[in-house]
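For reference, the structure discussed in these notes is given below.
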Amino acid sequence: MFKKNKHPQKSAQNDTQKVVEPQSPVFPKAPEAVKSPEKADEKEENKKITPLKNESETKMDNKMTETENTESNLKAVPSDKMNATAKDTKIFSETVEKILKVGEEQNNLTVKLIHDSIDSITELTEAGNESFASTEAAFNSIQENIIKIAESNKKNNLELIKGNQRLEEVKEKIKSNTEKNMKHLTTINKTLMDELNKLKGEYQETQKNGTL
């Protein structure tokens, strides 16, 4: 006969402890690659040979790159466009010179007016023909006129610039429409000549009838 187990719970625990979980196999680690001392030395040597660029060298490189880009952009511009731009620049420069010359002449006249006025005031003061108050009033009046002349000159210069710009625009339009304008003028001239010949014929007919 089998003996009864007095401690069934303890027996169950023993059975549980006897179960062994399977373990994964452990492989040996591969040996690490040994760095060659020669390559490490070469790396250090390269660091010594190629130092970092300082700020001024970096700016110089950027400037050279910018210059190369500008040159390539200039080469990409058509020559006829560059010639037209140069011509427009020359015309503008000549216009500015003319305006400055006109302004200089006006300024010279203003300076002359100032000196003439001062001479007049000096003469009046020395002669004693007018009191100091009237002399001061005359001086103030002259000064106001000088300011007005200066403002007028400035306004005239601006108007001259605007007028010159308009002239340039009109000139370009005339250039672009030259053939059209010539054709139109030819048509008008032919019409006028036809009318003139018609009037001549009528006049001659009238003269002929009058003589008869």
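Placement of Cβ uses the backbone N, Cα and C atoms for every residue, glycine included.
Here is what TrEMBL records for this protein:
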type: COILED; residues: 182-209; note: coiled coil
type: COMPBIAS; residues: 35-66; note: compositional bias 'Basic and acidic residues'
type: REGION; residues: 1-80; note: region 'Disordered'
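Per-residue pLDDT, averaged over the coiled coil (182-209), rounds to 83. Tertiary neighbourhood of the coiled coil (182-209): none, as no same-chain residue meets a CB-CB distance under 8 Å with a gap of 6+ residues from either end.
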